[in-house]
Number of protein chains: 4
Amino acid sequence: MEDPLVIAGETFGSRLIMGTGGAPSMNVLEEALTASGTELTTVAMRRVDPGSRGSVLDVLGRCGIRVLPNTAGCFTAGEAVLTAKLARDALETNWVKLEVIADERTLLPDPIELLDAAEQLVDDGFVVLPYTNDDPVLAHRLEQAGCAAVMPLGSPIGSGLGIRNPHNIELIVERAQVPVVLDAGLGTASDAALAMELGCDAVLLATAVTRAQSPALMASAMRHAVTAGRMARLAGRIPKRRYAQASSPWQGLSSGG
Amino acid sequence: MEDPLVIAGETFGSRLIMGTGGAPSMNVLEEALTASGTELTTVAMRRVDPGSRGSVLDVLGRCGIRVLPNTAGCFTAGEAVLTAKLARDALETNWVKLEVIADERTLLPDPIELLDAAEQLVDDGFVVLPYTNDDPVLAHRLEQAGCAAVMPLGSPIGSGLGIRNPHNIELIVERAQVPVVLDAGLGTASDAALAMELGCDAVLLATAVTRAQSPALMASAMRHAVTAGRMARLAGRIPKRRYAQASSPWQGLSSGG
Amino acid sequence: MEDPLVIAGETFGSRLIMGTGGAPSMNVLEEALTASGTELTTVAMRRVDPGSRGSVLDVLGRCGIRVLPNTAGCFTAGEAVLTAKLARDALETNWVKLEVIADERTLLPDPIELLDAAEQLVDDGFVVLPYTNDDPVLAHRLEQAGCAAVMPLGSPIGSGLGIRNPHNIELIVERAQVPVVLDAGLGTASDAALAMELGCDAVLLATAVTRAQSPALMASAMRHAVTAGRMARLAGRIPKRRYAQASSPWQGLSSGG
Amino acid sequence: MEDPLVIAGETFGSRLIMGTGGAPSMNVLEEALTASGTELTTVAMRRVDPGSRGSVLDVLGRCGIRVLPNTAGCFTAGEAVLTAKLARDALETNWVKLEVIADERTLLPDPIELLDAAEQLVDDGFVVLPYTNDDPVLAHRLEQAGCAAVMPLGSPIGSGLGIRNPHNIELIVERAQVPVVLDAGLGTASDAALAMELGCDAVLLATAVTRAQSPALMASAMRHAVTAGRMARLAGRIPKRRYAQASSPWQGLSSGG
């Protein structure tokens, strides 16, 4: 089934975007990324030295995975804009996952600083993929500001709580004209499948894989889950019914089970 | 990853057991079964004529899928036992999916009749796979009676409501020494993944696939979902946390995202 | 608002039935029972000596609360029937809360033994109020056996998990011709309100009150919650809507907020 | 139990704040407000003519309920600030429930315009009570801007979906130094009780009462529910447990139930 993810005109065969934080070693990370089948992976610019050997960038290069620099660790629009520009120079990409965090306890995005930074970066020619809360209004304003996608959270980063408010994700999906990427909070495969069933175009996760007991196996689980959820969305699920419905032989087969 | 499902000493490569009810045509059914990768599929004995041409049995034969006769449509232990025996004679298998339904509105199993029928059939040498409610006590009694698996519902047959009480499924899994198969109520891929994450050994579904808008695509979704959920269970998911947890560079990589 | 609870022809002004287990002292229990406004309270016959002074029976007598003996601690129909008869003799009441437990870890009722005991006790002239799981089929069979009420659990005794499967409770309520009492698992006031909103006729709880940090205050909370939930049920709640609905001045007032 | 709600130094005996939109008639509204026991009620300034007879203001005056003007129907900070000033002049109060809505379909607040308006109004001496989404970061910024309370939604206005994301409400409550009022989305009594159990200081609702089949009865239900939830919060509920816990006679009473 040909069903590529398209962001800002670029095409990706996988709808699973990976992060790299939390992996116990480079070897484990490489195995997990390979198992995930991802074609796009975020790297925190504030933590990486692009010139060093043995870095996460080497791993991504070896695996043929496109790098998506992010601005993790930035608390103001100014910091985030500066970090994005440094990333552009160092990595020769104008794509950026925009994170502007309000505080270290929740790592929740600051809506005001985020929108401000997004507007500045779009004006400066960046392809901006903002990590946002699950507010449909803010998601729409980010899209109006020219962002190439919107990336609402399911729950706080690293919490593993899954999608706390599926209703909001549905509201975002219904209105968005750009891809919606569920970013943050996923803990297990069914969470990723649900994100896709709600209509998200892709899923971004890191901790759920890198901190699982078996990262490569969980990466494979997530790969299957994203495929499963996407297919289920396209396949048109049965409606939910209050009561049972038997397999009715007179409506279909003369025999069933 | 070698990870077969074993029931009563028989090995299956797929953990997705299919039902056949509700399919709009034999062609659609065949495509869906093939896409699902199933190796074991239920057929309602009260609705099938084993000698007829073009029946569901022909489809299963062509696909190389093992037939699991069921007693759908039986309301008493006596009816179910009789139906199981007829199936054994007609299909030359001593396996039976045991259904004893209380009423047509809910299609919920009758616990009293079910246990009675299970005891009779086990005594008579059947390999009994009972469709039960999600009561941990009844599941345990069915196992004690000699059933080869227990098959608790997620929600009423055909309802698409998913797993209404995950806590009960976990209690059943924790205690069971025989395979636990989540049977009935699943509506979409994330439901199937969740069943496996809760520790079920397999999933049985029909309507979610046969009545989906695109049955073959949903069958494929379910196949991936069962794999995803099984892998996630084995991979050891991250714990749920109340607050965020950053990708901590000092705990792992010197760079992350 | 006159809205009494009627069980087996007896009328109660309060829809909150209390248990007595878990209280740290008799004084605390008495305060809590008084604050709850209950008119009917269960006492475990296997733990009480009806002739002793300072017992829970004295407390109930002082408070003018009717005693409902229960068969807590019984694991078979035989034990439960015997205990019920002892209670009848000792307390001069033919009412009994029937508990037949499958194991000590879950304290879940054994459906087979429960129905057996219920049938025996009804035959012997008892007014039987059975503690059952949330299976709509078993609830209906207990009613058919002549029970004066059915008392499905919300979740395991003392777990505080609330109502794990509201859908099942609704199915039970829809069909029942006798009062439905939500029994076991409630943890806080909103749980009790929800039980009543689902259509239960009363709520039975013990641990949520007796083990709360402030038992008398929680008893008062539960009293208000049961009233609130009952009123809300009768008042006819607004439907759930996917989207917002403004206060529409043209539909009602020329001004609003 | 003396337990008043204090907002900006003013004390209220009731923790139920009412809205007035959606009532079918002034008589029904008056009965409902009386039954609710509210001492503070919002009125939409864009819909009311303070000088007219028979208006909602007359009802509130008759009932001795304090008027809280709101800026419902405003889509920009400028509109909201202007409306607040008109309300201050007309009603001689510097209190305002601040609503700045993004669109008519969801009626969700616009976080950017909302914060802007809040800052302007605080600077101008208003006591600002902002209706906000459930984002903990925005709630904190509104408090930092000098708002006298924060009023997060449970779900979209009039939806009756209850509290979609209890986790966010808890995060807001944990951090807030000003009262937290759950505003919007509540549908029935258990929703209101839950809001209070999560630690909210008060509840604001309109549609759930005014559009119920019996508004006055639902108002009374909500009154009891808010009391129940508040008491339960203060009483210290039992922890949630995975397994059952019997009433243990050796830990407490020598008898129980």
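Using the three backbone atoms N, Cα and C, a Cβ is placed for every residue, glycine included.
For B:K97 (active site, schiff-base intermediate with DXP), the same-chain residues 6+ apart in sequence whose C-beta sits under 8 angstroms from its C-beta are B:T42, B:L68, B:P69, B:N70, B:T71, B:L129, B:P130, B:Y131, B:M151. Under the three-state DSSP scheme, B:K97 (active site, schiff-base intermediate with DXP) falls in the strand class. According to TrEMBL, the active site, schiff-base intermediate with DXP annotation covers B:K97.
In the three-state DSSP scheme, B:A206 (1-deoxy-D-xylulose 5-phosphate binding site) is classed as coil. The 1-deoxy-D-xylulose 5-phosphate binding site annotation in TrEMBL covers B:G158, B:A184, B:G185, B:A206, B:T207.
Positions annotated as domain 'Thiazole synthase ThiG' by TrEMBL: B:7-249.
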Are there residues of the same chain, six or more positions away from B:A184 (1-deoxy-D-xylulose 5-phosphate binding site), whose CB falls under 8 angstroms from its CB, and which are they? B:Y131, B:L153, B:G154, B:S155, B:P156, B:I157, B:G158, B:L204, B:L205
Taking the residues B:G158, B:A184, B:G185, B:A206, B:T207, which the record names as binding 1-deoxy-D-xylulose 5-phosphate, find the longest CA to CA distance and state it in Å to the nearest whole number. 9
Between 0 and 100, where does the mean pLDDT of the domain 'Thiazole synthase ThiG' (B:7-249) sit? 93
Binding-site residues B:G158, B:G185, B:A206, B:T207 with CB under 8 A of any chain A CB, in sequence order, are B:G158, B:A206, B:T207
Just how many other Cβ atoms lie inside 10 Å of the Cβ on B:G185 (1-deoxy-D-xylulose 5-phosphate binding site)? 27
Around the Cβ of B:A206 (1-deoxy-D-xylulose 5-phosphate binding site), other Cβ atoms within 10 Å, all chains included, total 27
